[in-house]
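Can you read through this structure? Questions will come right after.
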Amino acid sequence: MREHGPRLNQYFFPARQRLPFMITMSYAHTSVLLPTGSMVSDNYIASRQRRRFPFWRTWNRLSKFQRYVLYCAVLLLTLLAVTKFQKYGEDMKIDVDSDGRLHIARQRVQKPIETEDLGKHQRYLDARRNEELKLEQERTGKDQTAAEENLPEGVEPLDIDQENGNDSVGGGNGAEVDTRPLARKKARMSTSARLSTIKPAFEQVQENMVVPKPRIFAGAANYRQKQVVEAFQWAYDAYKKYAWGHDELKPMSKSYKEWFKVGLTLVDSLDTMYIMGLTKEFAEAQKWVTESLTFDKNVDVNLFEITIRVLGGLLSAYHLSGDDVFKEKSLDLGERLLVAFETESGVPHSDVNLQKKTSHAPSWGPDSSTAEVTTIQLEFNDLSFVTGDPKFATKSFNVAEIVHKLPKKDGLVPIFINAVTGHFRQSAVISFGARGDSYYEYLLKQWLQDGKRSDWLRDDYVQAITGAQKHLMRSSLPNHLVFLGELHGPRFSSKMDVLACFLPGTLALGYMNGMPEDHLTLAQNLAYTCRQMYVRTATGLGPEIGHFNIGNSDTPADTVDMYIKTNDAHALLRPEYVESLFYLYRLTKNSTYQEWGWDVFLAIEKYAKVQSGGYASIENVNEAEKVRHRDHMESFLLAETFKYLFLLFDDERVLLPLDGYVFNTEAHPLPIRKPFVSLKPGTTLT
């Protein structure tokens, strides 16, 4: 600008009125420029003999045009200042209605809302929306009492006074479960107004709460974590080399196996890479998801498996990284899976064709697995929150409601349910193992995910644990190992799946949130039994199934607490045992659980590692001298087993705090939310 001074001076000021200065205006400040024309000496500024002009004399020397320009400039600055002040004042007015609002409003303007502030911000949104509805009621003159009487059964008035509700996470110490109803103030809207706010409410959540702020993870912090990260990289590098873009690695033949044809291992392990700080690997996988992942494929998929592994994996990656591509892929998959719920009963079919958008019962029979149809709710609930569309949560909640109403054996459920009739197969086994396990897990986790509002989920969970203690819990001989067997009709079986080793972790999580003291005792006893299922084998790896000695005719002659049948001796490197160790360490700070987990890791390294790359399942855990491998590396090894080991060795217990996240049954962390309405069984949102 300095080099243009003389020219501008000549243009605006006649020769007889040229000033020794000129004023230029900018948006944010005023500057004084001294031109370097021929009429001004180069040493003019530095001269101590600079001429001084009084302001009035300078003003009188200006022409009318010059004065007009200055008037306009001053007016423009004044208008800008007034506008800015008014905008600031409006923000302040919005947030002086109640305590805490001013702070939250400034957060919204200055920076994204932190995950830790979601509960506080939720209360702000609830209160503000109700104030708006109150004003609307006053303007329209609607009768409030009549409006409340018209509320549909099951929809309760909005909880404004959050402090009176049971919405804290933690507490533990064996406190008794508070079964008192939540304190609620009266609703300020009619039935039609209530139902019309459901979808906008989800949209508000999307705008104000769910848009995630990318998390930053520093990676391994100690030797054991570094070893786990190296093991993950060994497995992932082999997948990348021999099976990139395909579902699972076949490490022995250096090839791949297809199941859903959606890059299962890659998608399932996205959040593990992110949590471990493997930015290069995550970026490569992210690029593949963006450019190559498609669900427009003529393939039948299992609703449960693709929901927990792929939908859960994409949603978790979205929450951790903030990349919208994961949300877009999640929505596409969710839309394709909704057809499974189009049954006579509302209980979904087990299989879905992604391209044709059709669903059907499994090829082996007419029923769906109880655990499978009741272990999709966390993922569909979260999909509704991030997209703003309640239909996903509505469909899955309806399934939970149907199962809630069915008759049970002290809270225990058969492992099969018919999608047409919506009833259990009464002759089916009752088990905390395969096809029954995660039904109980998701009762507790749904209750946590929605902010502890739907207390019937908690009550069903507590009743089920009581039923398990009554009907399934036994002690082995001679060392009294506590285990959970199965009911085959009236007959008790001492068979316990290694899958049931998830339960100590779930019990510990429940104890953190106010469940009874005996839940923690059962968790510790079962965790010890699960350890025995591992350390009593030749390889130190747990079998798929163990059979316990309870002194009946099925037990071999030698008196051992547990024995393994040949057909049950394989190990798929499952995560349930180390998952429970993770929860117990988080709860108790007892490093013994870390030591037990380290033993599992060393056994995997010694017996399951394949020299050409990757890891393979074990044919027989009692054959240590000459290990036989299966040509298969499960996706959950990377998604769950290595992730839980990495988190277990987090000495400070700060990664992914359990009062902010709930892990789905495939170890994908999803944020804990607070819903806008509290639902009773019998309510259907449309």
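Heads up, residue numbers simply count up from 1 along the chain you see.
Using N, Cα and C of the backbone, Cβ positions are placed for all residues, glycine too.
Taken from TrEMBL, the feature transmembrane segment covers 68-85. Summarising the annotation, TrEMBL assigns region 'Disordered' to 129-178. Here TrEMBL flags 129-142 as compositional bias 'Basic and acidic residues'. According to TrEMBL, the feature active site, proton donor maps to E305, E544. Summarising the annotation, TrEMBL assigns active site to D437, E576. Residues or ranges marked as disulfide bond by TrEMBL: C501-C530. Marked as Ca(2+) binding site by TrEMBL: T665.
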Have a look at the recorded positions D437, C530, T665 and say which one has the shortest Cα distance to E544 (active site, proton donor).
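It is C530, whose Cα lies nearest.
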Sort the recorded positions C501, C530, E576, T665 by C-alpha distance from E305 (active site, proton donor) and give me just the closest.
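That would be T665, the closest of C501, C530, E576, T665 to E305 (active site, proton donor).
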Out of E305, D437, E576, which of the active-site residues is least crowded by other Cβ atoms within 10 Å?
E305
Using other CB atoms within 10 angstroms as the count, which residue among the disulfide-bonded residues C501, C530 scores least?
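Each of the disulfide-bonded residues C501, C530 was scored; lowest Cβ tally within 10 Å is C530.
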Closest to C530 (disulfide bond): which of the recorded positions D437, E576, T665, going by Cα position?
E576
Do me a favour and check the Cα-Cα span between D437 (active site) and C501 (disulfide bond); whole Å is fine.
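Computed Cα spacing between D437 (active site) and C501 (disulfide bond) is 10 Å.
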Provide the number of Cβ atoms within 10 Å of the Cβ of E544 (active site, proton donor), excluding the reference atom itself.
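So the Cβ neighbour count for E544 (active site, proton donor) comes to 20.
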Does T665 (Ca(2+) binding site) have same-chain partners at least 6 apart in sequence with Cβ under 8 Å from its own Cβ, and which are they?
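Counting only residues 6 or more apart in sequence, the Cβ neighbours of T665 (Ca(2+) binding site) under 8 Å are I308, T375, S438, E441, Y442, F502.
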